[in-house]
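Take a look at the structure set out below.
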Amino acid sequence: MSGRGGCGPCWGLLLALVLALGALPWTQGAEQEHHDEIQGFQIVTFKWHHVQDPYIIALWVLVASLAKIVFHLSHKVTSVVPESALLIVLGLVLGGIVLAADHIASFTLTPTVFFFYLLPPIVLDAGYFMPNRLFFSNLGSILLYAVVGTVWNAATTGLSLYGVFLSGIMGELKIGLLDFLLFGSLIAAVDPVAVLAVFEEVHVNEVLFIIVFGESLLNDAVTVVLYNVFQSFVTLGGDKVTGVDCVKGIVSFFVVSLGGTLVGVVFAFLLSLVTRFTKHVRVIEPGFVFIISYLSYLTSEMLSLSSILAITFCGICCQKYVKANISEQSATTVRYTMKMLASGAETIIFMFLGISAVDPLIWTWNTAFVLLTLLFVSVFRAIGVVLQTWLLNRYRMVQLELIDQVVMSYGGLRGAVAFALVALLDGNKVKEKNLFVSTTIIVVFFTVIFQGLTIKPLVQWLKVKRSEHREPKLNEKLHGRAFDHILSAIEDISGQIGHNYLRDKWANFDRRFLSKLLMRQSAQKSRDRILNVFHELNLKDAISYVTEGERRGSLAFIRSPSTDNMVNVDFSTPRPSTVEASVSYLLRESASAVCLDMQSLEQRRRSVRDAEDVITHHTLQQYLYKPRQEYKHLYSRHVLSPSEDEKQDKEIFHRTMRKRLESFKSAKLGLGQSKKATKHKRERERAQKRRNSSVPNGKLPLDSPAYGLTLKERELELSDPEEAPDYYEAEKMSGGIEFLASVTKDTTSDSPAGIDNPVFSPDEDLAPSLLARVPPWLSPGEAVVPSQRARVQIPYSPGNFRRLAPFRLSNKSVDSFLLAEDGAEHPESTHM
């Protein structure tokens, strides 16, 4: 009932809009007559002609958006019928209503609107979110299907139709060989809009999708060249075409394809370079992405190059650097705006395909020509796919099976590109233009509606491998990366230049030159693989702790940090004794659960729950993100408020990374004093004298105020100077509560921040004589001056490291020493 109630208002609004649009000419005429009759000053006037064009555009966009809402009210319909087919049917209905109200087809899909305003957002979205590795790994197969396959389809379709025409089955038509080849060139290309609309709903495997979709993108160069060549031949006449013109056509293919690709790469380089310097103008970052990408499309059109290839490779080449340079808010804006524009353009295209088909002036019917075109397009597509796949499987590591070939043959959809190209034909030169237009509309409707309806059941019946939408695990990433290096090494040793070798060389070139030029220094460091792996491991540790606590039903994972075996911890609430089992005691227990006043807990007799509250408070104080006072920003159209989540992630990562690195340095500093060290006692004494001579008075300046640094000191600089001011200025302005103690000479333990590995947790402090030892990696005659942190805090001894214990939190909180005296008084309950 709710679905029907939701559909009623939408359909009523759609009908009202269509009727209003149908009555627009009458309204305009009535307004003109009314304006001629009335004289004098008018308070309010009706100026429809002043807003007619933008108003109609806004109404059609609204109608298209409401149509998508109506379609998705019923999941059963959209799961069976593709959205593109529903939009075409809706366009036919709306076009019929407009034609009945106005008696002429007022609205059609013109080539100018399609190529300059509707197609660019769809192709840019496809290129910007293209899986680059998958695309370039299958680039050879994609190029073969796009170039050879398109030429094959165009030639075989045109020649077959011409042969049937010579037999006299089609009747008398004013068409020659060049006209048939021209029609074959425009009807042979697979349409990227139709492929995206259908294959995204089918969810085939990634390799199959990228081959079909990549073919639909890259065959634009072949289609444009063939279309222009045969159109020029038709204009010149068959008698005037020479061999030089044919050679020029072949050269034109390479110029158009390579030139369009080069234009896209140049604009991608420019876009990446511009976004590197947009730190202080974050608000306009998304504008650069859309404007520069669109300029690449227009520039290629201006130079008569492949505009689709230009904007596709612009998106492919710039995505890595742009995503690293722009802020998180800008990246989100670009992502959603690009998806919105692409989805809206796709909706308008299919709807206007249906609306344009109701124009009676464009229809010329020839049954034999239409049916034979459908037959030849389908049959020669299948033959071409089988022949090319047989050739590719001799060299491909991952074979394309027969089931994949069936889906590829069936997925050769035609769409609005073919309709726009046939609409551009000159009726004076091509006498049967209306026949070509009518046949193209039938082919588009057949492939989008019929094949779109049946491709999903076909995929299910053939049991085609489907795509898996999941994030690969860290172990899978590491193994995949290791296999890449192994395969690259094998190709290098054997002297073969394969895609693994080329990918490795390109990665080195990108890391050494392109990333340094097009990417900010902070982005280069934040994208470091080792830091990313560390971040994922740290996040995995934190999730495991929280999951364990939720599974146990309490916060027991932070109750007893000194427990050796977490399995023996009793996570249940301790049972009160007979004396304490009173109502007043229970009330006090309930109140203490929310009491955060540590002084009141210290002054009174603490129960087991109070002790747990103290431990929980100190642990959360140590590991959680430092709260800050919120401050309101004044409105500004040029500056966005800083992202608290982004700063929080960076600070937690920096603090955790600092703690881990300190643990690693501590482990490295005392790795096994060698048994042979006693033989070099004199050399050590000399080195110690040299080291003491470099320190004033032979003592460490612990009283110097320069070493009273807080743990917020920037030891681990992961951002360049241009990134630092925002982060630390916001921290200064926030004036938050300081949870971390200052490191002075009286502090014996650093406050760790983040999840710590128990392998690096010491059992006891180190003797002060550690500074007098010579690290084992130094030669007998060398000496080293301790760093500031080593002077402030003595590193941990490697001899006191525990062996690998059950996973738990570190107990090295500064505040946790307050509970040292009460450890024996309130022991944790354990399972016996």
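First residue shown is number 1, and so on along the chain.
Backbone N, Cα and C atoms are what each Cβ position is placed from, and that goes for glycine too.
Swiss-Prot gives the label phosphoserine to one of S467, S526, S674, S719, namely S719.
Here the candidates are S79, S330, S554, and Swiss-Prot annotates S554 as phosphoserine. In Swiss-Prot, the feature phosphoserine is assigned, of S494, S572, S663, S734, to S663; the remaining candidates carry no such note in the record. Per Swiss-Prot, the stretch carrying the note region 'Interaction with EZR' among 20-34, 230-244, 575-589 is 575-589.
Within the list S607, S643, S693, S749, the entry that Swiss-Prot describes as phosphoserine is S607. Predicted-model confidence for the topological domain 'Cytoplasmic' (74-81) is 80, expressed as mean pLDDT. For the topological domain 'Cytoplasmic' (389-401), residue counts in helix, strand and coil come to 4 helix, 0 strand, 9 coil, using DSSP. Across the range of the topological domain 'Cytoplasmic' (74-81), the DSSP-based residue counts are 6 helix, 0 strand, 2 coil.
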